[in-house]
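> Before I ask anything, let me first share the structure, which is written out below as structure tokens.
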């Protein structure tokens with residue numbers, strides 16, 4: 001069974017997110033710092049009748065990077081062509097995409113950190129000077145062809161900005177760090193989703209659901225759907241704070257937004273390693289999860305909420321982690 005708090009896409013969620021997707025910056029809830037900067041850059045580019053500078057959006061999964069890319073294209077009034085790093089396997093795949101762009105278009109590459117180096121190198125001249133040089137043929141009969149491209153905007157999205165090469169990162173003129181959502185913003189998102197799907201929800205229930213959604217809209221919308229099921233079967237169809245708490249408790253989502261995997265990580269650190277420090281590889285083996293999964297999916301939220309600290313010697317469980325799980329804490 002999939003983890004209810006997984007911030008990667010599940011099942012029909014891509015369709016759901018498209019339904020919920022705002023069209024313009026004024027409709028986009030949260031990420032105010034990124035929005036305010038983009039508003040200025042977009043308006044300036046439109047006034048000069050130029051393509052917007054290339055944009056890099058980075059941050060944990062589920063925070064709206066793809067949505068922001070679509071909003072940028074809508075604000076510019078241009079087409080958006082979407083692909084992802086793993087899909088572009090060779091330089092020829094990228095050349096075909098670039099050759100299909102119209103002036104001012106947005107090319108959105110999700111998981112851009114997963115582009116093969118041979119593909120990435122083609123992007124350098126395309127991003128900087130809007131041209132590519134491609135080789136036609138093989139052996140002695142091969143020749144180089146210079147292909148001019150129309151001005152375009154590349155929007156790259158990544159959950160692992162540190163994996164981008166320096167030459168690629170340097171070619172993005174605009175960077176936006178997508179952060180976990182504030183409680184008030186996430187509450188508003190829950191209420192907006194409920195309204196779109198004609199669910200009856202109290203403000204208190206929306207607030208509680210937002211509190212336990214790890215600052216992530218994708219998780220909040222997923223939990224809202226599950227709580228609605230509980231409200232229909234165990235209540236009168238109205239999503240109130242009582243049914244919300246009962247549903248989320250049954251789903252093993254506690255009041256800090258931690259599920260059984262998060263708690264397993266913390267309990268392992270406390271019970272087996274006296275709170276740490278413990279290496280990420282060792283910890284991953286003990287909880288039977290891939291190292292990358294722990295690092296990308298679980299650890300960022302646990303650090304952001306103050307349950308774990310990173311040190312040079314490894315990960316350390318904080319006093320807050322001990323208190324949350326009911327362990328006695330003593331200074332080392």
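Cβ coordinates are placed from backbone N, Cα and C, and glycine is handled just like the others.
Feature table excerpt (Swiss-Prot):
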type	residues	note
REGION	1-181	region 'Large ATPase domain (RuvB-L)'
BINDING	20, 21, 62, 65, 66, 67, 128, 129, 130, 171, 181, 218	ATP binding site
BINDING	66	Mg(2+) binding site
REGION	182-252	region 'Small ATPAse domain (RuvB-S)'
REGION	255-332	region 'Head domain (RuvB-H)'
BINDING	291, 310, 312, 315	DNA binding site
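Map these features onto the structure and tell me what's around them.
When Cβ atoms from all protein chains are considered, those within 10 Å of residue 128 (ATP binding site) total 12, not counting its own.
Counting every protein chain shown, the Cβ of residue 66 (ATP binding site) has 21 other Cβ atoms within 10 Å.
Mapped onto three states, the DSSP output places residue 312 (DNA binding site) in coil.
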> Let me know the largest Cα to Cα distance in Å among the DNA-binding residues 291, 310, 312, 315, as an integer.
17
> Roughly where does the region 'Small ATPAse domain (RuvB-S)' (182-252) sit in mean pLDDT, to the nearest integer?
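Overall, the region 'Small ATPAse domain (RuvB-S)' (182-252) comes to a mean pLDDT of 92.
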> What is the biggest Cα to Cα gap, in Å, among 20, 21, 62, 65, 66, 67, 128, 129, 130, 171, 181, 218, the residues listed as binding ATP?
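Roughly 37 Å, rounded to the nearest whole number.
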> Return the member of 291, 310, 312, 315 nearest to residue 66 (ATP binding site) in space, with distance defined Cα to Cα and candidates limited to these binding-site residues.
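Sorting the binding-site residues by distance from residue 66 (ATP binding site), the top entry is 291.
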